[in-house]
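Listed in Swiss-Prot:
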COMPBIAS  1137-1146  compositional bias 'Basic and acidic residues'
COMPBIAS  1164-1175  compositional bias 'Acidic residues'
REGION    126-213  region 'Transport core domain'
REGION    345-446  region 'Transport core domain'
REGION    618-698  region 'Ion transport-like'
REGION    1137-1175  region 'Disordered'
TOPO_DOM  1-39  topological domain 'Extracellular'
TOPO_DOM  60-64  topological domain 'Cytoplasmic'
TOPO_DOM  83-98  topological domain 'Extracellular'
TOPO_DOM  116-125  topological domain 'Cytoplasmic'
TOPO_DOM  152-157  topological domain 'Extracellular'
TOPO_DOM  213-225  topological domain 'Extracellular'
TOPO_DOM  258-261  topological domain 'Cytoplasmic'
TOPO_DOM  301-307  topological domain 'Cytoplasmic'
TOPO_DOM  340-344  topological domain 'Extracellular'
TOPO_DOM  375-380  topological domain 'Cytoplasmic'
TOPO_DOM  412-415  topological domain 'Extracellular'
TOPO_DOM  447-632  topological domain 'Cytoplasmic'
TOPO_DOM  654-657  topological domain 'Extracellular'
TOPO_DOM  685-691  topological domain 'Cytoplasmic'
TOPO_DOM  717-724  topological domain 'Extracellular'
TOPO_DOM  752-1175  topological domain 'Cytoplasmic'
TRANSMEM  40-59  transmembrane segment
TRANSMEM  99-115  transmembrane segment
TRANSMEM  126-151  transmembrane segment
TRANSMEM  158-183  transmembrane segment
TRANSMEM  187-212  transmembrane segment
TRANSMEM  287-300  transmembrane segment
TRANSMEM  308-339  transmembrane segment
TRANSMEM  345-374  transmembrane segment
TRANSMEM  416-446  transmembrane segment
TRANSMEM  658-684  transmembrane segment
TRANSMEM  692-716  transmembrane segment
TRANSMEM  725-751  transmembrane segment
Amino acid sequence: MEMEEISENLTASHSIKLTNMWLELLKSVFLSTPQDLPEIILILSLICTVGAFLNMHLKDFPIPLPVILFLIGCCFEILSFASTQIQIYADAIQWMDPDIFFGIFTPVIIFNVAFDMDIYMLQKLFWQILVITIPGFLINYTLILWYLQSVNKLSLKTVPWLLFSAVLISSDPMLTSASIRDLGLSRSLTNLINGESLLTSVLSLVIYSGVVHIRFKSKSVNHTLAHKVMSTAWSYIVESFITGIVFTKVIQLWMATIFGDDVNHITLIFSVLYLIFYVCELVGMSGIFTLATIGLFLNSTSFKPGVEAFLLEFWNCLSFIGFLMVFTFIGLLIPAHTYLHISFSDVYYSLNIYFTLIVLRLLVFLLMSPILSRLGHGFSWRWAFIMVWSEMKGTPNINMALLLAYSDISLGSERERSQILFHGVSVCVITLIVNRFILPMAVTKLGLRDVTSTKYKSVYYTFQHFQELTKSTAMALKFDKDLANADWNMVDNAIILQNPYAMNQEEITEHQKVKCPDCNKEIDETLNIEAMELTNRRLLSAQIASYQRQYRNEVLSQSAVQVLVGAAGSFGEKKGEYMSPENIKNFSESKKLLSFLRKLLLNWVYNTKKDKGVPSRYMFLHACHRIVFTNEFEYTGYLVVLMSTYPMIICWISRLKDIYDNEIKCANYYFLAFYILEALLKVAAMRKEFFSHTWLLFELGITLVGVLDIILIETDSISYNFDLTETVVFMNVIRLLRILRILKLVTPKLLQIIDKRMSQQISFRYSILKGYVQGEMDVLNIIDQIASSKQTKQILLKRVMRNMEHAMKELGYLEYDHPEIAVTMKTKEEINVMLNMAREIVKAFRSKGIIHKVEGTEINKLIMAKKIQVLDLQSVIQPFNVEEAPCNIPWLSEDPEAITFIQEKAKVVTFDCGNNIFEEGDEPEGIYVIISGMVKLKRSKPHLEMERVSAESEIKIHPLPHTEYLLSGEIIGELNCLTKERMQYSATCKTVVETYFIPISHLYEGFEKRCPNMKHKMWQKIGLAITAQKIREHLSFEDWNYKLQLKLCNAFIRDIPKSMKTDIYDETVTHVVLIHGSAEDCQLRKIYKAPFLIPVTCHQIQGMEDFTKVMIIQTSIAVRKFRWNVRKYIPPRRISMKPDSERESFETLDETSEEDNGKKENQENEELIEENINI
């Protein structure tokens, strides 16, 4: 018993010791923290705080922020020798390994810079950047290496010199981009500098890593130097580039289903980037080159709207933190005793290196300037000079210098390591200080600031217009009763902003004048080349903003917005050229390869069910016909072809061919016999029709070549026992062609894939054209702000209208050829618009406190789930047919009785291409609903919105489209049938048009007897369309969909009589739109003609025609209750204008009724409060 107890105790104690050992191991691995962790956290927080403070307050300081941070780090390192407490904090940083230092900060900085590049301009400048960064980089690198070895001050070997040359040639793309951002350089020059700086830094990092890798491989693998260089270049450049493209596609596909700024996905993609970097480094590729490739091919349109903004801010924040850490830590990582050994010769050597780099870089640019200037985009010696002085050295140079100084490569003594690090960092500091002073002066002296006098004046007047709008808004707020006792003098002084583009009186009154070459007459205003170029740039900027806005609203796809923005950006720097539908067509042309492949498959592969032919009367031929056209016979042929591939493959392998020579011959005889038998059976079954099929003749030709091969072998004309001759190779290739027969099996699937791909290309082209048309319509709304003078406005207006007409015609032809594509695109677009509006409603409810944050989050999840379902929506939706046409008419869709009535006498009318549906001046015959096709509406002369507007009116006057194209689903003749006026335009069919015709007599029969509300619905539909367009011109583009729909929910139609005045605006009315006829402002005596948004300053109008209608938009009920329930300011109750209400003046209401109404509302509010309290 005692022995058992002792053994049990020993076992228990042993298990306890094992448990304690595992616990200690887990604690040491997972729960241990370095003793200096608090010091590290304090230093990092202090660096971020100081760096952010200096960046905010020392932007214009002569000494750059990186130099200040470096000096702070140096001071901290020197003070660490004087104080033990400071030494503790310095040691917390100096333990960091250079590889960790490089791997933490460099990847995020390089990726962020690449991601922020303008990929469209880089594509345009591709050849210039390629010439600069490949031959130019190699020449510059060779010259730097030659200079360092010639001077040989540091007495290094070949490998350290190669690495130190890479340190000196590199540049910092982030600091370079920041240095030229506010200098006013042209867009082409700015992107050329940024692209060259990024690729130079990446190539220098690749060369540094490659040299280290080659040196490491030389110790372990015995290969020639050329083999090592080629294999390293292949893995570090080619493989890294391919990997970057693959990961780009994977990230785009992954992020395609992410909507909104989901923090989990943002964190995950950040982690994925570092994972990609370290995986590439582990497998022998360049992680930096891979990340730069991913950053260049990813851009803001690679992600769903709402994601890219958060990502960009997140990466900018990380890049800035990395920038602060690098320049502060490097001051700490240079040993303090290095400064004690600094002599004048060391400083002179650093200055010598700096000026030598400048001279060599300028020499390289001047040598390549003839080639660069011939590549276009205005390259000159001035550009070369600016590119030389704009180069900033920073993070890549410091990281490589740190790696070189602390690497295992033999550099001699510790002092030589410190000298390498000192000279590498000192050249960066000198570059940052000197170039900061010289670069702005060089830009000014060389006249490269892209700020012309016309542009300067335009910006001045734009700022002045902005100031006037601010003051006018303040004037309107003075009438608000809640702000009556505010100190408006202080408000007026507070909103006065100093114009940064102020000019003297002479510059303001000066007008650039040009003389006419014919009459030598001075032309006033600024209608010259400079003004037109400025207008073109603003136009392109407005178009790009419209395309990006459509993408954020999910109207445009990612690929479509990339093409549109790229096309617009490619014309930003081309003088005298502008974007047009022809240019868009070049970008959006579908690939013709798919059409060729589809025709090839359809022509080569015959359909057995269709080509059976007529069986012969003879028994033998009839039996052959039955055998040939069975599935068993066909699939037996496929099986034999598959079996014959193995001997054919063996024929190409010399060793196996010698071993199985007899077997291959026997197999060849058997297979050839089967092919001959198959051909004879097909000839007997199909007879003459056999020779009308290309594929059968092709197979017969291959069989005859096989027979010829057998004859040549048997007669010893050729032999397969020796090396392959041309004849043998030809015979083997002909045999392999028989494998193409297998394509007949997969042809249906291939055709489905090709058809789907072609459908995607057509959808892509449709999206581009529609986005372009919407962009031109958005430009029309702000054309007054774009044009700098009346003449440029007229030129721009004609151009925009012409381009929009051309694009609409192309869109119409595309929709006519592929109606299912148009229906699918419109359906998906409308679903996305509605879901976005639902999200805006949830956002508005949350801001007002109607729903809680948790409830809003749950609703948003449901909306996001629906948006993901839209991605999986069927690719093709068939257009509606004639039976469904009445259900798609807005004023019939919810009334089954009206639909039944309309269908009684409505009919389908088809017009040939070129026929007129009606001509201008004809009496209206009825309403035409376009089922399919395209109709061109044209007026005999341009029709202005306002023909009788007084001269002192300041209302915009834009000509309506002289020519317009209507597509399927649109309705013609509604307004003329309602007013019984003659047609104001001609309707011509540009294609075969199928319409759903409703006679006017039948329509009025419905108005009077069966469906009296139908007339009001038609006016409502017309009024909403006009009102939406007019209100859109005065709403913010960002959220106009939600605001507009919110406003149109409270709209109704009202007639304006000709014989009496009508009050329109009161506190319950937000907008009044004149949708038909004309009216006169009773106070200002201005005449407004439809369509027109009547200004708020107009309180009474009177009709000028027998038939005048307005659309009135009221505030929501909740807003009116809020306004009326203010006890201190109880306004007089006013009757809003309802469609059927009697006219009553706002001033004739009795005061007692006002008090009664106020008391009644107050009582209702008190009861409501009591009910809420009880609940």
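Backbone N, Cα and C define each Cβ position, glycine as well.
The model shown is predicted, which means the values in this text are computed figures rather than measured ones.
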The transmembrane segment (158-183) versus listed stretches 126-151, 287-300, 308-339, 345-374, 692-716: most Cβ pairs under 8 Å: 126-151
Residues of the parent chain within Cβ reach of the transmembrane segment (345-374), under 8 Å, 6 or more residues beyond its termini: 128, 131-132, 135-136, 139-140, 143-144, 147, 151, 153, 168-169, 380-381, 384-385, 387-389, 391, 419, 422-423, 426-427, 430-431, 434
Summary of DSSP states over the topological domain 'Extracellular' (152-157), given as helix, strand and coil counts: 0 helix, 0 strand, 6 coil
Model confidence over the topological domain 'Cytoplasmic' (301-307), averaged pLDDT: 63
In contact by Cβ distance (the transmembrane segment (187-212), the transmembrane segment (99-115); 3 or more pairs under 8 Å): yes
For the transmembrane segment (658-684), distant same-chain residues with Cβ under 8 A (at least six beyond the ends): 620-621, 624-625, 627-628, 633, 637, 640, 643-644, 647, 650-651, 690, 696, 699-700, 702-703, 706-707, 710, 713, 720-721
Folded-back contacts onto the transmembrane segment (126-151), same chain, C-beta under 8 angstroms, at least six residues removed: 161-162, 164-166, 168-169, 192, 195-196, 199-200, 203, 207, 349, 352, 356-357, 360-361, 363-365, 367-368, 371-372, 375, 377, 379
Residues of the parent chain within Cβ reach of the topological domain 'Extracellular' (83-98), under 8 Å, 6 or more residues beyond its termini: 36, 39-40, 42-43, 76-77, 329, 332-333, 399, 402-403, 405-407
Counts of helix, strand and coil residues, the topological domain 'Cytoplasmic' (60-64), according to DSSP: 0 helix, 0 strand, 5 coil
Residue numbers, six or more beyond the limits of the topological domain 'Cytoplasmic' (60-64), whose CB comes under 8 Å of its CB atoms: 432-433, 436-437
Residue distribution over DSSP helix, strand and coil in the topological domain 'Cytoplasmic' (116-125): 6 helix, 0 strand, 4 coil
Secondary structure content, the region 'Transport core domain' (345-446) (per DSSP, counts of residues): 82 helix, 0 strand, 20 coil
Long-range Cβ neighbours of the topological domain 'Extracellular' (340-344) (under 8 Å; 6 or more residues past either end): 415, 418, 422
